[in-house]
Amino acid sequence: MGRRCCRRRVLAAACLGAALLLLCAAPRSLRPAFGNRALGSSWLGGEKRSPLQKLYDLDQDPRSTLAKVHRQRRDLLNSACSRHSRRQRLLQPEDLRHVLVDDAHGLLYCYVPKVACTNWKRVLLALSGQARGDPRAISAQEAHAPGRLPSLADFSPAEINRRLRAYLAFLFVREPFERLASAYRNKLARPYSAAFQRRYGARIVQRLRPRALPDARARGHDVRFAEFLAYLLDPRTRREEPFNEHWERAHALCHPCRLRYDVVGKFETLAEDAAFVLGLAGASDLSFPGPPRPRGAAASRDLAARLFRDISPFYQRRLFDLYKMDFLLFNYSAPSYLRLL
């Protein structure tokens, strides 16, 4: 009986692996992919044109400036993946945990923390009819509550592949070091993140500041930016557990070289790109929530430049190498404030 159960488990694992292998083979580039994709025929939203069909129509229209921008981003991503990605392990369902599903509108959204993901979760909840369709009425706590939005990892391999074929998949990215600076400021340098600081800040202080005061070792409330970077670069960090999602690389969260993304939005052009996605979803009347106060790209860049100013060129280079794939895949140049060796 024991051997028979073991064989069944091995067979089930093999079937799951084979199904996910199909998932990994999904084409990255939009235009070649249309010939092999259902274009909404298996979409769960009904007879109206799916967001993927609308994007296909725009892709054929030379007058659509935004469609051209997103086509270029897809092509650049596809080219960078071909040049720089290595053979990787098979994707497991848990790898799809960051891909959220909106069956009613035919959307797959891979969220990257510190790239407007709270507001995108608000929007998806509003699209589902919660808070009477007003994303601004949804608190950040509600938006991040577990189970409020289904993840692609919650479905069977067959259901995963069906959605990958028929739905519009999108993600939003940000200049990697500006995202890192934002994560440090909001999670380790602000007083309202006490629980996060006790978990990660205390660990950083205990490892990197041997003579720290007991209060700092317990609370982790005064982590310096240089200590945070040293923690990221320490090989022990990733041996102990995966990076926290707030500083994990975007490509490691969303696997853009193995999953096909139709729209690559950018934090730097957030308003335009968000409106483009909402238009494809048939929700142009829904306003994407803006930040509580005006923050331009210059403010984000200035914060990163100020924090990196006192970091040595040696550590700047090591950190750039750690996040290099995000720079390459999403077409970001090395920041001008870096002094790379």
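Cβ atoms are placed via backbone N, Cα and C, with glycine included.
Positions annotated as 3'-phosphoadenylyl sulfate binding site by Swiss-Prot, on the basis of similarity to another entry: 113-119, 174-182. Per Swiss-Prot, N-linked glycosylation site is recorded for Asn331, and the stated evidence type is sequence analysis. Look at Swiss-Prot and you will find Ser139 tagged as phosphoserine. The topological domain 'Cytoplasmic' feature in Swiss-Prot is assigned to 1-9; the stated evidence is sequence analysis. According to Swiss-Prot, the topological domain 'Lumenal' annotation covers 31-341. Per Swiss-Prot, transmembrane segment is recorded for 10-30, and the stated evidence type is sequence analysis.
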Spatial neighbours, same chain, of Glu175 (3'-phosphoadenylyl sulfate binding site) - Cβ under 8 Å, 6+ residues apart: Phe267, Glu268, Ser300, Arg301, Ala304, Tyr332, Pro335
Distance from Ser139 (phosphoserine) back to Pro113 (3'-phosphoadenylyl sulfate binding site), taken between C-alpha atoms, in Å: 16
Between Asn331 (N-linked glycosylation site) and Ala181 (3'-phosphoadenylyl sulfate binding site): CA-CA distance (Å): 19
Rounded inter-Cα distance in Å - Phe177 (3'-phosphoadenylyl sulfate binding site), the residue listed as 'N-linked glycosylation site': 14
Distant-in-sequence Cβ neighbours of Asn119 (3'-phosphoadenylyl sulfate binding site), under 8 Å, six or more positions away: Pro135, Ala143, Phe288, Pro289
Secondary structure at Glu175 (3'-phosphoadenylyl sulfate binding site), reduced by DSSP to three states: coil
Local backbone state of the residue listed as 'N-linked glycosylation site', from DSSP in three classes: coil
Arg179 (3'-phosphoadenylyl sulfate binding site) and the residue listed as 'N-linked glycosylation site', distance between Cα atoms, whole Å: 15
Candidates Val115, Cys117, Arg179, namely the binding-site residues, that fall within 10 Å of Ser139 (phosphoserine) by Cα distance: none
Ala181 (3'-phosphoadenylyl sulfate binding site) - helix vs strand vs coil (DSSP): helix
For Ala181 (3'-phosphoadenylyl sulfate binding site), the number of other Cβ atoms found within 10 Å of its own Cβ: 24
Recorded positions listed as Ser139, Asn331, least Cβ neighbours within 10 Å: Ser139
Coarse DSSP state, helix versus strand versus coil, of Val115 (3'-phosphoadenylyl sulfate binding site): coil
Neighbourhood of Val115 (3'-phosphoadenylyl sulfate binding site) by C-beta distance under 8 A, where only residues 6 or more apart in the same chain count: Phe172, Val173, Arg174, Arg179, Ala250, Phe267
